[in-house]
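Taken from TrEMBL, the feature coiled coil applies to 830-864, 1472-1530, 1558-1620, 1658-1706. Marked as compositional bias 'Basic and acidic residues' by TrEMBL: 18-32. According to TrEMBL, the feature compositional bias 'Acidic residues' maps to 633-644, 1420-1449. Look at TrEMBL and you will find 1771-1799 tagged as compositional bias 'Polar residues'. For 1-32, 624-648, 1413-1449, 1769-1799, the entry in TrEMBL reads region 'Disordered'. Under the heading repeat 'WD', TrEMBL lists 313-335, 399-440, 500-534.
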């Protein structure tokens, strides 16, 4: 069991509520008591339950002050407000009442709510014995009434907090489910007969619309609402019975509000969606979304209800349709594609009517026949017959009502009639005495205000939302004279008398002046309009007010002056006197500007009133405490110190004024909403009237009356009875209050006592209008819930029976009057705008008249000026005035030019936006209509005949058509480009490589040249030449052997290829097999496409993609043909243009020739052909200023003509630029055109007269006459030649045109056939698209099966390949084993006495285990890992050796046996064991592969022989292709034929039915006839070929036998020769391929090279040794000389020391004491001594070094370095010396003391 699946945002809340003891699924456990059950015969008393009016205590107001008389309205906006108890009784909710309507008597009875808070839902018991009424209010009740007694049977309490929205009984009627509204949305299951809650849980966190039990499983429920649907189960858990809910998941479907749904017997649920489709739910998910064909929705709008009726699904839609669906199809529906949509069509459907929006239907049986009653949200109740048979009755409208909120109501001032209007665009008349609706009239817009005319009884003024006010006349049609065609059947009729539009937005208030002479209308456009009431309403004028008008009220008759009180929504109140009709304002506008107006701007004082009340309370408490009295009102809350009162609060936005009325002149009462509600404010207009700054006024009321319980429930309407003794108040919560007025004036004491009664709906039923009848006997209320109630005011019902409403009689001559003209256009001009437009037209007319006068004056002056010019021209030239002399002052013309230029510039600036706009529009038009044209229609005319030819008007073909065609060419071009790029890259790389190689080559050449220079002196030795020759010889031998081997391999490959191509005995040529298969498919009885067993070939199967490609190719072909023809026609047009130019030149030349001829000799000039306008259509778009001006004049003429035809000066669009004068744009073109015309006239008048020169000529001579004669003959000849040339050009052109016309006619025929083919192919495409989805599905199934088979076959092939590889590996290992044994035998040699022993060693079977490496944990100190010893167990098995039981040790080589041979045998044994292990492993793998292969083969067989195999799928696809072909065959193909082409004759005549005829082309028929002869000849030829082939086969068989005999004989001969030559059979190929041992020869050569290199190195080292010996001898000599020198120095030192000692001893006294000379001498000697000691040390070191026997002496014998004051001698270490290198310290002279002696 799962927990409730709730909204994610409130999941935690919901879980807590499930565990909350207040929302537990079980009722709280109480101490066990004996529960008393309610008796089934127990009933409550209705008198104790229903809510009664509230009356103030001790007020004396009778409780039956008002009694409900009748309900005229119907709340059709509720989702469900219709309940049928039987065929006669209909229940619906009306505010705080349940109305029981008797459909036969049309009488009403009422059930009053018990709480007075309204009624939320009604539902009926399955047995119709009971019905439940769920109420509204705090802790509302759910009351069960018995029917038809209407006694309260059970009261269910505590089910919700505020209101019930839906309830439903289960199928057996034992349980009741209810759902509450905000804030708890509690779902409760009731044991309603015992008034107990069985289960409860929060339904959802948003609005819930509906709850129902499943009709087949009473433990299941469903709820739906805003954006959700939820499925509930009553589950028995370990803690008891609980409700568990699962929220429906929409998944990919958009979230929708679910209004209607129905449960199916199998647990599925069908719900409606906002977009009109049906959703099928299963398991909390959407299984499929149902729609109609073509993805049309099931309904054009939300689906409001779904009903399961007698095995059919009935859906009710807001579009007015009732549709019936097949429930089995719906239940079994499933998705077919990714969209999740399934298309299906309803079995039946019924359109109830136009403008019908069905919300709910209920079914009853009347005399055994099912009848449906339907609720129309547009205000009607319908009676429907859904039997869908031949006798099915049309839908019957039983009642009509207002739809939605009723905007206004008004009662007739003289009779018991009332009129209402609403936004449903209707006006209705009711008789509240006879309790019936008399008449209804509908308009184009909704009504917003209504009032009855005071003096004229039959007139009603109605205001509408588009600002129109209509005067409607009510009359009794019986009083009309009977006119032909009219039938007076109704009780009353309404007629539109007059319609006018004073406002631009909705009319909110209408009020007649107390005498009825003036009508005032107010609107949201902040204006009040006044009309004079006469036979026709005439406008007086209007005033502007500071805010939207809320209400209008004229002063009562008790006031002296007649004034109008204007209440505005934003807190302003105005008072204006009634304007007089004779005081007409200015002509340009209806606005009344000087009307005296008083203003009042309400300023909030509610906060101050509260503060004063709080202060008064505190003062009273202090007074009581001072007097020593105890105050009971919460003394503990009184602060010890007075706290400051909060500051005054003034709302930022002023509170809206709801209603108001006059009290005394200049004073009035107001009721406000918002913050300032709860009081009636008495206000007065201030005496200081000012208008300039009225918006900043802050006016406060001078008196305030607190109204009880109205702080949150303000008063919306206030009305008084005729006697002014009762004040009726309509509240926001739909309640009606009555205040008795004893003094006919309001005061605080008067308004303390009242009578209150909840009438309309408490949530949305605020009272919109209250009216009492003219005699104060009845009260009418209308509300926002669409209900209209009539109440009786303290008058006995018996008196009402005598009353009767009087319908006004019609006016005389009404039937002869024409229907008044209505204003249906919501954008029509208002009265003010129409007047302004009229004034503007008058101004424009005056301006035009003035312009025309000026134009006439200018025209007269222009004609006078032209006549003067003409006279001037007629004068002699010396008397004529020049043009400049006409200019009196040139500065005037300059100024005119400058002004003209300025005007032009200004006009260009003004018209810049318009110019850009029109240019943009022109560009768009060209892009849309012209740029898409590839060729326009061009008609080329013949010159002499009437023949003509036109081009095809050809649109540019789309890119899609060329896409497939250009794809291959595009690829080719891309490949070409890539190829070129690669070639260029290659060329560049080659050039770079060449540059690099040339550079390197140059470097190498330079290096080689240097090396060659060095090596020229060297002479190649004999050894190097020998090595080179040896290498060349080996190379030649290897190449020869390679060539032989390659030749042998090539011959082998050729033989293998030959044997491979050798056909088997049962071989068949693939081409022959293909030809045979094709013949079997194509030969025989051809089936027609219309045959039932026709099989569509694979290559001829058509789909939508192929058909689209066909269509595209056809379009491209048509386009190309037409384009080619158009090009030829255009070239013909160009030829005509060139011919015309040539003819013009020839005519001009002809004229010059004829000038020299006499008139009698001149032939008539041939006419010059002209181009027709349709030959150059592109010139239509070439224009200049003259053409534009002409076009403008034509348009102006057309506009004037149109205005004359219309006969109305106001025809056209009115622009509000009426204050501007005539623009320059209108005057300039006319004057400019006139000046141009005048200039042309002047230029034509002023012509130059040629001078006549009379020259006297002498008579010509004979020679001159001869020349003139010849010239004449020549000119005549040229004349004739030119005329012939012109005629030839014309004739040739006409011939070309006729020839091209003939070609075009043929092309027209082809194009027409192509168009017919295009139509046929397009129809086929539509069919193929319909079939495409199913075909793709079947093809996908076939492809899946094919892919499965292919995959399995691939697996089989892979297994076979792997098995083949394993076999190859096994064979390879076996070959290795054989070669191993062969190697062993070769190593033994012949007659080896240890052969048997070694063979046993080799073949010994040893069982080996794999080496295992056991890793042990190392010590923490030692980081290295130790490997465990390898374990191997060897078990020796001896071979079966008969009776020998000899045991031998294979680990020890026997005596006298070659140790190497034994070790080789052991190694070969190891190799043998490795090979055997690998062989075992390969066999194991091969066995596994064989098993897998066998298993897969079985699976393949199962797939092939399965019932749902590929054959079945292909059969379905073939059947589908056949069906598709049949559907394609049903399409008609048009084939135009002539009579001589019809050869299908019946009895010698053409039959009327051609269904059995076939259509062939002549080529096809000739081909078939020719094919018969060809096939006969082919059969004869094939027989001859077959005979020759048999003979050839016999010859080849005989030749084969002879060749086999010859081959056998040659093989025997070859064997004999080999035995003779070699003594045995040898492999000739191996012998032929045998050559020297290449590797051995190469090694020999390498050895020779190494010996040569080493000998060279030895020579070099010997030379080095000699050099070093010479150096050693030289050093030894040098060392000897230095030793001798050292010895001499030592002797000298000894002598000096002896001398020094003697000198010390012989010193005298005189020489004692310090002397400088002695000291200096001493220092000198000391330095000499130090130097000698140093040299001595060096010599000793050299002697030591020279005394050693070193092999090698270094170039440097000693290195001296100074460290820390010492000199170190570093001899070079010798290679052979065993002593390490040492450093010898030598004391420097500075560190030797004076008394130290040398060693």
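Backbone N, Cα and C atoms are what each Cβ position is placed from, and that goes for glycine too.
Note that the coordinates shown come from a computational prediction; the quantities given were computed from them, not determined experimentally.
Nonlocal intrachain contacts for the repeat 'WD' (500-534), taken as residues 6+ away from its ends with a CB within less than 8 angstroms of a stretch CB, comprise 448-451, 453-456, 461-469, 540-557, 562, 564, 566, 568, 576, 578-579, 581, 590, 592, 823, 828-832. Residues 260, 262, 264, 266, 268, 270, 272, 276, 278, 280, 287-288, 290, 298-307, 341-342, 344, 346-361, 374, 377, 384, 386, 388 of the same chain lie 6 or more positions beyond the ends of the repeat 'WD' (313-335) yet place their CB under 8 Å from a CB of it. For the repeat 'WD' (313-335), the DSSP counts in helix, strand and coil order read 5 helix, 11 strand, 7 coil.
With helix defined as DSSP H, G or I and strand as E or B, the repeat 'WD' (399-440) counts 0 helix, 25 strand, 17 coil. Note: the repeat 'WD' (500-534) comprises 0 helix, 19 strand, 16 coil (DSSP; helix = H, G, I, strand = E, B).
Per-residue pLDDT, averaged over the repeat 'WD' (500-534), rounds to 94.
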